[in-house]
Amino acid sequence: MSIEKQVAEQLLEIKAVFLKPNEPFTWASGIKSPIYCDNRLTLGFPKVRQFIAKSLAEKIKENFGEVDVVAGTATAGIPHAAWVSDLLDLPMVYVRSKAKEHGKGNQIEGPLTKGQKVVVIEDLISTGGSSLKAVEALEEAGAEVLGIAAIFTYGLDKGKKLLEESNTKLVTLTNYDELIEVALNKNYVTTEDMATLKEWKKNPEVWGK
């Protein structure tokens, strides 16, 4: 079984991903969605989080072999970045969404030297906006960002466009299309639900309005 399918299956099993085509969730961005992904739940399942860390480490070795530092995004990316940096025997930093308003006022915590090559660890990619803020902060600090490694992506056109425009490479363990196929095969959703799930991805901003 592929990594994509294995991770999708695990996320469904531990209920890190909820699929409710008939009772959509509302994201913080206001988008109505038949899916909600909370990868923080992986923290409570040692076998799942270990598999995710090992798989992310392998992806990084394959795609970003020159990496010097692993950077987690606050807060959900931090634990995964810690486990991955351990496996790769690399330093780790983490990046806040904005600089602290007290203390040293740091946006990046941990030692980072100009010119170091960094890979950003994310738990989830939706529109890509928050991930790119982390990339920008690292670049402003003088780092060279090789790319982003994430557990899951919705694969939305808006996110793809933002990443392409910023010339940021993204590698993920699994994705929306793979996950809904696994969900159908494992009877988490019906064939009718699948039509709704596929329709949402075509135009999430207007779906459900």
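We count from 1, first residue shown onward.
Cβ coordinates come from backbone N, Cα and C, glycine included.
Note that the structure is a prediction, hence the values are computed from the model and not measured.
Residues or ranges marked as 5-phospho-alpha-D-ribose 1-diphosphate binding site by Swiss-Prot: Arg96, Lys100, His102, Glu122, Asp123, Leu124, Ile125, Ser126, Thr127, Gly128, Gly129, Ser130. Sequence annotations record features per position, and here Swiss-Prot assigns orotate binding site to Ser126.
Swiss-Prot feature annotations superimposed on the structure.
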residue: Arg96; record: 5-phospho-alpha-D-ribose 1-diphosphate binding site; CB count, 10 Å: 16
residue: Asp123; record: 5-phospho-alpha-D-ribose 1-diphosphate binding site; CB count, 10 Å: 24
residue: Ile125; record: 5-phospho-alpha-D-ribose 1-diphosphate binding site; CB count, 10 Å: 25
residue: Ser126; record: orotate binding site; CB count, 10 Å: 22
residue: Thr127; record: 5-phospho-alpha-D-ribose 1-diphosphate binding site; CB count, 10 Å: 21
residue: Gly129; record: 5-phospho-alpha-D-ribose 1-diphosphate binding site; CB count, 10 Å: 12
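DSSP gives Ile125 (5-phospho-alpha-D-ribose 1-diphosphate binding site) a strand state. In the three-state DSSP reading, Arg96 (5-phospho-alpha-D-ribose 1-diphosphate binding site) counts as coil. Between the C-alpha atoms of Arg96 (5-phospho-alpha-D-ribose 1-diphosphate binding site) and the residue listed as 'orotate binding site', the distance comes to 18 Å.
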